[in-house]
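Undergrad: What Swiss-Prot records for 17-37, 52-72, 85-105, 113-133, 170-190, 198-218, 227-247 is transmembrane segment, and it gives sequence analysis as the kind of evidence.
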Amino acid sequence: MFEINVDPVAFSIGSLVVKWYGIMMALGVVALVSWIFWRIKRGANISYDTVLTAAIIAIPSGIVFAKLLHVIDAWEYYSLNPGAIFSGEGLTIFGAIIGATIGLWIYSRYSHFNLGYLLDVAVPGILLGQAIGRVGCLLNGCCYGEFGGTGCSVIYTNPATAAPYGVEVAPTQAYEIIFLLCLLTFSLFIAKKLRPDGQLFLLYISLYAAWRVAIGFVRVNDDFALGLEQAQVVGLILMAVAVPLFIYRLRKQKQTDKIT
């Protein structure tokens, strides 16, 4: 068992309260953009201007959808506290991914850049950014797992924590950090074997969605539909879309390779 006694609030300036969660989310975005810039420096066929504009579009569209899914999931709370809709907390990663992807797709229609290529380049950065963001969840005490004393558990002892105070819970945030870093390593290896047309991004979506469906049985969340939490439902939908698309593109690549 591990003890976490961290105040979720990193610092405050007057009425402005800055939490570790927000800091880690911001660092995750910085890590993602920095990764893409590094890839450009190493020869990736994307312009800096395209990436900057893409970030300006993807970040707000991702935040809007991340909040939207959480509002849908916790409508009873938000209907009684409408002002909380505009808070910086309560963001869903699937909403962020979907929103950012939609925003980038619209942008690509006007700018005519290769969206699949950009997404493939971004995948390792996305995974690194997610892992950093989950550190914020771990410090904040949100997104925790089942109660009870297991071989690997954490107990939050700061009164301001978002987790149940003084209760042993499964550190599902830490589990996900480890998974994301493993998937990051795998993505760096497998990227060399895939055509940069969106295949790596589809594989990432498929594997991460499968992970969220699995870890959802350990995490503590309200049921959304069919006895599953919202992330599990969304994960199943994303798998139903991403897996067939990935297989189709992979087969198409193999057929093309045989011809050439």
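Cβ atoms are placed via backbone N, Cα and C, with glycine included.
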Undergrad: Using a Cβ cut-off under 8 Å, which residues of the same chain at least 6 positions beyond either end of the transmembrane segment (227-247) come close to it?
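TA: Long-range Cβ neighbours of the transmembrane segment (227-247): 69, 72-73, 92-94, 198-199, 202-203, 205-206, 209-210, 212-213, 216, 219, 221.
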Undergrad: Would you kindly check 17-37, 113-133, 198-218 and say which stretch has the most C-beta pairs under 8 angstroms to the transmembrane segment (85-105)?
TA: 113-133
Undergrad: Excluding the flanking five residues on each side, which residues at least 6 beyond the ends of the transmembrane segment (198-218) place their CB within less than 8 Å of a CB in that stretch?
TA: 94, 97, 115-117, 119-120, 122-123, 126-127, 145-146, 170, 172, 175-176, 179, 183, 187, 190-191, 228-229, 231-232, 234-236, 238-239, 242-243, 245-246, 249-250, 253
